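Colleague: The site 'Required for function' annotation in Swiss-Prot covers E229, D292, E317, K319.
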Amino acid sequence: MDSSPVTYSGEPPYKLRRLSPSYPYVSKLRERCASKIETLSEGSARDSLEEEDVSEAMATGAFLATRLYLPSVLPQRITTLTFLDHFKKSRPLPNSDKRLNPIFYRLAYIRDLVGEMELEGIVERGTASRLLGASSPAGFVAGTYTHARDLSKTMSLASVRDAVLAIEAQTRDQSESQLWALLRRGLATASTMKWGALGPQYHPQWCEVSTNAKGIPNNPALQFGQTNERTARSLISALYVARSEAATPDLLVDPGCGQCFVFDESASVPGDAYACGLLMDARTGVVGASLDMLVCDRDPSGVLSPHSTQTTLDFFEIKCRAKYLFDPDLFSPVATAYANLLKHRTAVCLRKFLRSIKNPAVEYFAPTSVPGATEALITCNSSWKPREVNETNRRCGDFDRDHIALNLDASSDVWLFSEPDLESETITPARWDTGELALSVPVFANPRHPNFKQILVQAYVLSGHFPDHQLRPFLVTFIGRHRKRCEEGKTFTICDRPEGSPYNLNEVVHSSCAIPILLFVTPVIVDREGCWEDIEIESLTAFNKTADAIWDSDSPADVSEPTSS
């Protein structure tokens, strides 16, 4: 495992920063494009536009008529069209042929699904064939069944990747998107995989389990996470993600008007520029993952497209801990510990605050032992040892033990936030007693916890799309409190330092969100050399077993020419 520091070639458009100056920016390009669109709509002025102006507008996504669109809200009939039902209509290949890569069965399903949307009139005609890279998109014909064998003969690796990335761009609303929920059914995820002593394993009925899985539970803890995830994303953006001082040529509008970048303004709410949709494994089409936050450029169509100078992709999995939620106006152990933490701002007070509840978010385990699987953050540092420690004889397999060793020396950044400034309506990080804004603590991600497995699968899926980029995953833990009466209904802008001005006016704590108290940012190290191949092989094996079970109970191989539009 290569744990050497990451280096950049050239000046990347993004970088993770800590305590570096904030770079204010201006985004006037879209205003210029909008004015050009108005001019283009007037026939008398069309001929007066210079050719370079038209080219610039097209290059920046001004002509949105050609942009792919798939709806998030679907008719009831469409929501019942699952991958498994579509796959059950497929036929095995003749014995003389090799097995197809499962990705083509997945794309065949997506083509027919989008085709049904065409028939419903909720997407433009030709969208289904255009999504899969057809040079001359044709309208979908009712009754068509697309065969994977057809696609395997016509689609290149590049067109497969383009189709999968286009789907990601159309499902960035995640749980608020019915399309996202439908496409996840029949995909293996970290939660549907089983993890044995040697790594990932599949349930024999993995596809059925995924297809019939219930929706996301509507309990208070998950509601808290869904509400406050965008606050955590805004905090990460304000505290860590900085634009480079050097403007990159393809993002620069006019050297004479300063550094004007095209920022992704297509997200549903401000601060969600780095939100991701459903990414399917480009290697097999069996595994899916939805990242909470990926620092990466997007092209004018909204598709992920890292800049040529960006060699590293940073992504963040966000967890909001509802169990620390408290009312600051009520006397309680948590409120008292928080008041002391805000007053003294020491590592000792931090530990006391974390232990002010029954099951702290950071678990201590002895260096000669192994951690449990309950908490996502762990430590074996003696300074974090509680007065009473329950001795256990836990065991874990080589897979988890190896990852514990890889992450043992990692440390977390901990950010403490001051009380909101009601006059300026801002929230800023508070300096610790050491003078630092980010306190480094010997706390690392727990390989035995489901969050770690989730990040591992996300890294695997992302690496299939961007194999030449080094991945840097982080686990983000957000802790917030209830609002005081004087804070209710207010939206607070996030500053990156006490004496600084807001880095981005879109990075805010919305009125419906909790007031931030603490933010843990924990690097996650995965053994990609030992994991990627295992996941790929297990995925292919699981799919083939599912296919054999379906085909063995059905009719013999269809050796005739497939029927496809």
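Each residue, glycine too, has its Cβ placed from N, Cα and C.
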Colleague: Check K319 (site 'Required for function') against DSSP and tell me helix, strand or coil, would you?
Modeller: strand
Colleague: Quick check for the class: what is the C-alpha distance, in angstrom and rounded, between D292 (site 'Required for function') and K319 (site 'Required for function')?
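Modeller: Rounded to the nearest whole number, the Cα-Cα distance is 9 Å.
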Colleague: How big is the gap, in Å, between the Cα of E229 (site 'Required for function') and that of E317 (site 'Required for function'), rounded to a whole number?
Modeller: 10
Colleague: Using Cβ-Cβ distances, find the residues under 8 Å from K319 (site 'Required for function') that belong to the same chain and are at least 6 apart in sequence, listing them in sequence order.
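Modeller: Expected: G225, A376, N451, L475, V476, T477, F478.
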Colleague: Under a three-state reduction of DSSP output, how is E229 (site 'Required for function') classified: helix, strand, or coil?
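Modeller: In three-state terms, E229 (site 'Required for function') counts as helix.
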Colleague: What's the number of neighbouring CB atoms sitting within 10 A of the CB on E317 (site 'Required for function')?
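Modeller: Step by step: centre on the Cβ of E317 (site 'Required for function'), count other Cβ atoms within 10 Å, giving 22.
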Colleague: Including all protein chains shown, what's the count of other C-beta atoms within 10 A of the C-beta of E229 (site 'Required for function')?
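Modeller: If we count other Cβ atoms within 10 Å of E229 (site 'Required for function'), we arrive at 22.
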